[in-house]
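A.B. asks: Not my notes, these are from TrEMBL:
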type	residues	note
TRANSMEM	31-53	transmembrane segment
TRANSMEM	96-115	transmembrane segment
TRANSMEM	121-145	transmembrane segment
TRANSMEM	175-195	transmembrane segment
TRANSMEM	207-226	transmembrane segment
TRANSMEM	295-312	transmembrane segment
TRANSMEM	324-344	transmembrane segment
TRANSMEM	350-372	transmembrane segment
TRANSMEM	384-406	transmembrane segment
TRANSMEM	426-450	transmembrane segment
Amino acid sequence: MTPSTSVIVNRIADDEDDYNSYIKPLGRRAVIFYGMGHMLNDITAACWFTYLLVFLSDIGLSPKAAASIMLSGQIADGFATIFSGELIDRFGHFKIWHAAGSVFVALLFSSVFGGCLPCKIFGTSSVLVETISYCVIAAVFNLGWAATQVSHMSMVNCMTLNSTSRVVLTSCRNAFTMVANLGLYAIAFVVFSATKGDTQADVENQQYRWIAYISIFIGAGFVGMFQFGTKEPRLKIGLGGNNDARISWTYWFKKVLYYQVAMVYMLTRLVQNVSQAYLALYVIDELGMANSAKALVPAIIYICSFIVSIILQEMTWTGKRLKAYYSVGGILWIICGAAVIILPRSMGDFMYVIAVVMGIATALIMVTGISMQNVLIGEDLNGCAFVTGSLCFLDKMSCGIVVYILQSYQSSSSSAILGKDTGNPYLSITRIGLGLFPALCSLVGVAITYTMKLDTSYSKALVEPLLV
């Protein structure tokens, strides 16, 4: 055997060893450290969707102006995901992109709930100037948020080729999302209890900004643990040979599965984000429950989602199982949506039962819906960030547009589109946002999932269980 032949044989053997190492299940340590990496994004996103509309309303902006500010952030986020995905596919270095985006979020998020700086500089109280100021801040903050999200989501596919481990990573990430949401409500409860919000200055300076500061501090700590405990994925380099051999966008556009997964992912995110934006308003305005319910009902949802996400990590996953569990979650959300629409104020306590089912359903559709994206990517790793970015683009744009439309109708009527005019109390904007719209999205998502052909190989369970 010549020296050159020996080198080639050794290289092939090394590549085969690398491949075998990447199809083995991941251990608990790698999974948990990965799950921590999106905590800063998750806790700031929870604050964004839960309190932004309430905050802007508290400082005197109209529902339409508030929706415009949220839409500006969503549009900036959407386009940033596309560019982030392309740059990550081109240059790699997931952890660097993740760290840079996290720094951006940490530095700018508190400004979203700050005062109007141009108003103070120019000494004006113009609503137009105030709206534009918040629109710019929201857009700039979301640029960093997008870089962190795309890098964190896409690196799953380059950490392992094991289909079950990919679902486990997604499930752990979703579990930490629930922790972030619970943490936010705990922070908000303490801040609202300890401070007064009698004036606009109190709202801006004492309440929401402190919530933002504490959230950033906690989220940044988890980002540090992720950076310390997670290795830079090298699967693209080890198996692809040439890291610059990127997959063209047209490759994905020719796949029917790409469009199916994109629609399911978009609908799943709409269910989660739109329902979250209207949950607090529904509990207080529609059901007339105590203020404590504004924190307790979401807490029940997130606790149930957290438990289900942990349980899902212990399962072996196939394409059929992904479809089945997504369908179960979608059907449960349809039931919840119907209950939200018809629930009268006199039976408001039944919302706690609905919250349990919502939590289970949300975990099922989120974990399986995102995991379908990993099945689509498979071993086509040099295009994974584009897939993640393009799907996130659909998510951000659609969510911003939907909330803007709903809030536009909200401004034209104090409580409902059809309620006061027709005598029907169940068609308020809040009930549509929390009940009807998520139910319709779930129905369409289940129908699309039924038509999918998801090809996954069988893989063993985790090396060690995550539940001890």
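In case you wondered, yes, glycine gets a Cβ from its N, Cα and C as well.
Predicted automatically and left uncurated, TrEMBL annotations should be read as such.
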A.B. asks: When you scan the chain for residues with a C-beta under 8 Å from the transmembrane segment (324-344), skipping those not six or more beyond its ends, what do you find?
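C.D. replies: Same-chain residues near the transmembrane segment (324-344) but 6 or more away: 264, 271, 282, 287, 312, 350-351, 354, 357-358, 360-365, 367-369, 372, 426, 431, 434-440, 442-443, 445-446, 449-450.
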A.B. asks: Report, as numbers and ranges, which residues of the same chain sit near the transmembrane segment (295-312): CB under 8 Å and 6 or more residues beyond its ends.
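C.D. replies: Here the qualifying positions are 50, 167, 171-172, 174-175, 178-179, 181-182, 185, 188-189, 276, 279-280, 283, 289, 325, 351-352, 355-356, 358-360, 362-364, 366-367, 466-467.
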A.B. asks: For the transmembrane segment (175-195), which recorded stretch in the set 31-53, 96-115, 207-226 gives the largest number of Cβ pairs separated by under 8 Å?
C.D. replies: 31-53
A.B. asks: Cβ pairs under 8 Å only, please: of the recorded stretches 31-53, 96-115, 384-406, 426-450, which one is richest in them relative to the transmembrane segment (207-226)?
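C.D. replies: Most contacts with the transmembrane segment (207-226): 31-53.
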